[in-house]
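**Student:** After the structure tokens below, expect a handful of questions from me.
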Amino acid sequence: MADRRNLFFFYGDDKATLVEKMKPIYRILEENGFTILDHPKNANAIVSVGDDATFLQAVRKTGFREDCLYAGISTKDEISFYCDFHIDHVDTALQEITKNEIEVRKYPTIQVDVDGSTSFHCLNEFSLRSSIIKTFVVDVHVDDLYFETFRGDGLVVSTPTGSTAYNKSLHGAVVDPLIPCFQVSELASLNNNTYRTLGSPFILNHERTLTLKLRPDGNDYPVIGMDNEALSIKQVEKAVVRLSDKQIKTVKLKNNSFWEKVQRTFL
């Protein structure tokens with residue numbers, strides 16, 4: 001990151017307070033040859049200030065750029081999965097950057113195409129959920145294979161890094177982000193003689209394509225989740241999900257691996 005000198009800082013809630021707190025850090029950065037930009041267009045490093053939710057927003061609002069690095073500064077009690085640095089210790093982080101104590105990790109994303117007209121990426125997960133208090137029916141296809149018919153509250157498709165989020169609360173597996181794959185988990189599936197699903201999360205490799213076809217039973221206006229944002233689409237017939245070639249390059253400390261974060265967070 002030492003050669004990435006044009007920085008854009010992305011803030012979530014309470015921006016005014018955080019900007020004021022960051023001013024001394026801005027001075028330190030500028031004294032060390034960094035330029036603070038007001039717009040991400042010409043940035044080659046984008047830094048989120050907040051928490052993991054802020055980091056997800058920073059990536060989405062700046063277009064999942066592959067030509068720059070993303071870094072996260074936590075304002076909470078601890079560093080988190082996407083935030084390797086803390087707002088109270090950024091001066092220490094700068095020393096680690098200049099001493100080459102950091103490394104760049106590439107995280108996979110998933111691409112979702114809805115009805116051939118709307119396309120977007122997700123860093124954590126894509127979710128398809130019933131928008132009313134009623135189950136909906138989805139035919140699940142893996143590549144060209146009709147796999148199962150799901151009836152329930154929804155489906156969640158997560159990346160390896162997203163496997164520790166919504167997916168984990170659905171008893172999905174925590175997946176090493178070095179494995180190029182994506183995972184499908186169920187939300188309250190209904191299993192009987194008419195509808196039968198695998199009943200457990202399943203993992204698809206990077207060459208697979210997942211197709212979700214909604215049956216028109218009066219509940220084909222689902223809520224579509226893109227990480228921590230909702231997408232409003234009047235009617236959905238089909239969603240096609242695959243692992244994207246687009247990867248997000250993040251800055252992490254060498255002594256703070258994915259599994260160390262998992263251990264610190266859950267054990």
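Even glycines carry a Cβ here, placed using N, Cα and C.
Checked Swiss-Prot, it gives:
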ACT_SITE  D52  active site, proton acceptor
BINDING   D52, A53, N124, E125, R151, D153, T164, A165, Y166, N167, K168, S169, A188  NAD(+) binding site
**Student:** Using a Cβ cut-off under 8 Å and a sequence separation of 6 or more, which residues in the same chain sit near the residue listed as 'active site, proton acceptor'?
**Tutor:** G72, S80, F81, Y82, C83, A165
**Student:** Just jot down the residues in the same chain as Y166 (NAD(+) binding site), at least 6 apart in sequence, with C-beta under 8 A of its C-beta; none if empty.
**Tutor:** N124, E125, S127, V156, S158
**Student:** Please identify which of N124, T164 has the densest Cβ environment, defined as other Cβ atoms within 10 Å, among these binding-site residues.
**Tutor:** N124
**Student:** At its widest, how many Å does the recorded NAD(+) site span between Cα atoms of D52, A53, N124, E125, R151, D153, T164, A165, Y166, N167, K168, S169, A188?
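**Tutor:** Overall maximum Cα spacing for these binding residues reaches 31 Å.
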**Student:** What's the number of neighbouring CB atoms sitting within 10 A of the CB on K168 (NAD(+) binding site)?
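**Tutor:** Around K168 (NAD(+) binding site), other Cβ atoms within 10 Å: 18.
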**Student:** Mind giving me a neighbour count for A188 (NAD(+) binding site)? Other Cβ atoms within 10 Å of its Cβ, every protein chain shown.
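**Tutor:** Looking across every protein chain shown, the total is 12.
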